[in-house]
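> Quick one: structure below, then a few questions.
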């Protein structure tokens, strides 16, 4: 190759690279970095990604990047360019809990919010044919008489389902053996097999395993949470105050981009996500899967996420209380 | 049983899946034909591509490569007396002499048809047995999973090529690598050395590509002869084998069933089953069939058996999540990473995926019989590709594929590091497959062991109180004692 032809080749190469930057966003497919292993919950993110992709005219793929309680996914997304082609599926664990525990060096203020996506409440469920417990009072009475005798799983240890479960146990001064599972889907198998007595489930898992489980109480104070568990009673109906209210005892996600993403790109993404979440078919599909579209706008981010962060401290304390109790058995 | 196939049909019969089956068979045959590569290498190189596909087309492609690669190895055994894969080692006993008699066309035709029919027989066994085994495994809880993972690790380490001690040491290395990442129970980081890249352990695909593809590359480079082109007879397309194979129908069925049975035992592997079924066929053969001097039955027996082994190895892989050999270990890893957990849940909740995988396996064998025959002249050409072209291609595919997994340069370092480790271990005659199996089964063993202890009211007694886990552990104990005795006592060789 002569020097001239090399220069021409280099110039052509540069032109090809410069092309996309000048064009309208989005030019190519977008990735949404999802922080858990594939499962029932990922399907909800997929519904939103598909609808949002339709609005933008490109494909948005949900990329499962599990590890380190969601931190891996955030780190992965942070390592990408701030060009709007990588979205954070900002679940509360990597967004709020992990920084709170000192496992991540960001705060929720370090991201630019698009829209809030969904929320889902958690519930205490037993085997469908377990006739020891007709309702939550039976379960609590049993645990009071036989402390530490029952075995339960909230899925991953230290997550929100665990916080909510531990908060319920703390509020009723009861204790059961904690058995963590990497994915709550797997715990269902062992509850069905009789080796676990109860679990803290999410609506996605409940929907898939309805026939095998009986929901004793929904751990939320929001009326519409009951509907996602076939009308099961709220924990308040048993005169129990778990010390966490509104969004804080539930799982939720807020889609985000990197802070330094260009403003016009953010606007395009926000508009597309808003339009996607307002579609009736999208809302219905999410509700059918047990996920309530929350629809908080970007300007409510600070107020809502900030408030939740404070309340989660209570859940953290409940876990510490539980650990002490279990160690003392 | 047939419900599974019906549920899987809409998933499998898509243009993408069928096309990828065809391409997978072609790619598998080519890579099987090339000496030194083989089905595992094919799967390894295509693994990164698979993650950009939908689950069923991805699995269809990988399974087709597995099937095609297992069959392709026989062609170079027949033509050059070099088995393309260890699976085809027994094929050269009769395949090469048959070719020397000027019947290379028949030998290749028989090996392809026997492979394909052997695979189909295994496919039927797979479809009948996997759901039954999976159904049984529904009674499994953490103690049983822990026991099963321990048994799987032991068997594979023990039966793998080379000495049992080396197999177990390699398995131990896999277990050690598996401890890197985040502790599932406490969310604590283990051996991550402060880098976020290791918080979910080293990427399995990067490890596999490094360990198998890169180390092979190093070994081949060391071997030299970069420009050698072998001399081979001219080949035509011939359908005579369809007629010839009819004479060997019982041999096909018997060898395929032997292969399937041995394949279903984790660790036994295709090379063992090929030799066993060759020995059986030879004993049952009449005097005038001169085994070892170009008997058709010899080719049929080994090829039906080694492809049967593929189907057999898929049985424990899909129904229990315990891989039957190195290739199925990588297939298992692929299924994990595509979001499906092999085991009873696969059949219960994703019956369509299980059915789709069965169909992919059956379809691969059907495509094999057609393409294997039609492409015979092409394989002659492939065999003449010198290493100087082939090795850079392997390096390019490995590097691009691994990088594209998550656009991570760190993964490339992981690949390179494990390439080096693989090379050193090969030189010291350590088997590599137990490392991958250790990496896959390690977390299954550790987490279920700890979970079982949490569930237990009585410490480790939970493993003995439950009949299934007690039985599995008893088998593992017997095996360990057996290995210890045979290793300690000096071996008598005949």
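Sequential numbering from 1, following the chain as shown.
Any Cβ shown, glycine's included, is placed from N, Cα and C.
Curation does not apply to TrEMBL; its annotations are automatic.
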> Pick from B:82-107, B:108-133, B:186-211: which range has transmembrane segment per TrEMBL?
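Of the candidate stretches, TrEMBL labels B:108-133 as transmembrane segment.
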> Pick from B:432-449, B:450-467: which range has transmembrane segment per TrEMBL?
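So the range that TrEMBL calls transmembrane segment is B:432-449.
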> What parts of the chain pack near the transmembrane segment (B:469-488), using Cβ distances under 8 Å and only residues at least 6 beyond its ends?
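Same-chain contacts beyond the flanks: 143-144, 146-148, 150-151, 154-155, 158, 163-165, 462-463.
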> Across the domain 'DUF112' (B:19-437), what is the average pLDDT of the model, as a whole number?
85
